[in-house]
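In what follows, a structure is listed as structure tokens, so that the remarks can point back to it.
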Amino acid sequence: MNFFTATNRNFRHAAKLLGLDSKLAKSLLIPCREIKVECTIPKDDGSIHSFVGFRVQHDNARGPMKGGIRYHPDVDTDEVNALAQLMTWKTAVADVPYGGAKGGIGCSPSDLSASELERLTRIFTQKIHDLIGIHTDILAPDMGTNSHTMAWILDEYSKFHGHSPAIVTGKPLDLGGSLGRDAATGRGVVFATEALLAEHGKSISGLTFAIQGFGNVGSWAADLIHGRGGKIVAISDVNGAIRKPDGIDIPALSKHKAEGGLLKDFKDADIMDQNELLVQECDVLIPCALGGVLNKENAANVRAKYIIEAANHPTDPDADEILSKKGVTILPDIYANAGGVIVSYFEWVQNIQGFQWKEEKVNMELRKHMHDAFENIKSMCKTHDCGLRMGAFTLGVNRVARVTTLRGWEA
């Protein structure tokens, strides 16, 4: 089952549990606007190449739409639609005043030079600048994009609308970025993990963890878990995987990576098959990379007691069912990885105010939002006699439905 179909299925199940009017449910599912643009740029060698860009603006009932821009060869309408819808529910679960959006360009960033990426980003911004805005639709980094991409978007957008730092989040600090934003998603994952474990009378200290993905989210999560006394027994990235039953020295691994070394070449751990990481014996499994990695082929072999979905849609519905029957507790993505959008909201607020917060305040407010969201999810689980995934979906969908009704959705 693909991401788009799975997201729609979760929404329909939540709508049924909530007893939503069928017309309202249909209205909530359909995006406000779908944008598809051609982006033609000159390559460095003088040739001309065209790329297709997308932006789906799903819902704005609770506030401006918000969502990342990803550069990846597999970007298509279905994927962007599913991610935009997921952002609507995620921002509602986190209780930040946004709706959902998502965008992307079908390209392979590794095949483009820095100047080609800049030209592509600026052309894309030119094509959509009149459909986004600081109170309409705010962009952020995603797969294949970063703070520099946001700087180009900010600069290009500002040529048309004047200096507008709030048009993007996840930008460099010198351009109005927020302290704590770089670590936000990984830190939010750790706060979510602490909330779940506390519910089961446990803490991070002394537990074993396997982490799939050592990019921004995975590396921050690993560092923070290590600092709290958790034992990372296996970790992987796109180049390979390593394990060490006594626990990997995360500061040493981070230093090795920062110096240009490959994860698989880290000397103080054993190489393992990347596919084995998901079934590695551990207390907590944290998928931080791609979607759909837990499926009906491998779910029965998963040995973790808890799964924290730091990636978007890492568990397909078939695996969800198998893991639930095994008694594995899954903390869903629309809550577990919401730290990024929460601190993006803080960044936007700082830009609107023209006043920068201290990092301690950012982290304190992030912890509070993650704690409150978990308590609200638990309440919905009790009300609707459901698991954490449906607890999160019913919480998000209900908040959006309530505001939509108050605003007069049939008007």
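A Cβ is built for glycine as well, from the same backbone N, Cα and C atoms used for every other residue.
TrEMBL labels come from automatic prediction, so no person has curated them.
The active site, proton donor annotation in TrEMBL covers Lys102. Sequence-distant neighbours of Lys102 (active site, proton donor) (same chain, 6+ residues apart, CB-CB distance under 8 A): Arg55, Val56, His58, Gly67, Gly68, Arg70, Val80, Asn81, Leu83, Ala84, Leu86, Met87, Asp142.
Marked as substrate binding site by TrEMBL: Lys66, Lys90, Ser344. Cβ neighbours of Lys66 (substrate binding site) (same chain, under 8 Å, six or more residues apart in sequence): Met87, Thr91, Tyr98, Gly99, Gly100, Ala101, Asp137, Ile138, Ala140, Val341, Ser344, Tyr345.
Marked as NAD(+) binding site by TrEMBL: Thr185, Asn216. Neighbour count (other Cβ atoms within 10 Å of the Cβ, all protein chains): 24 for Thr185 (NAD(+) binding site).
For Asp142 (site 'Important for catalysis'), other Cβ atoms within 10 Å of its Cβ number 22. Summarising the annotation, TrEMBL assigns site 'Important for catalysis' to Asp142.
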Tell me the Cα distance separating Thr185 (NAD(+) binding site) from Lys90 (substrate binding site), rounded to the nearest angstrom.
13
When neighbour density is defined as the number of other C-beta atoms within 10 angstroms of a residue's C-beta, which of the binding-site residues Asn216, Ser344 has the lowest density?
Asn216
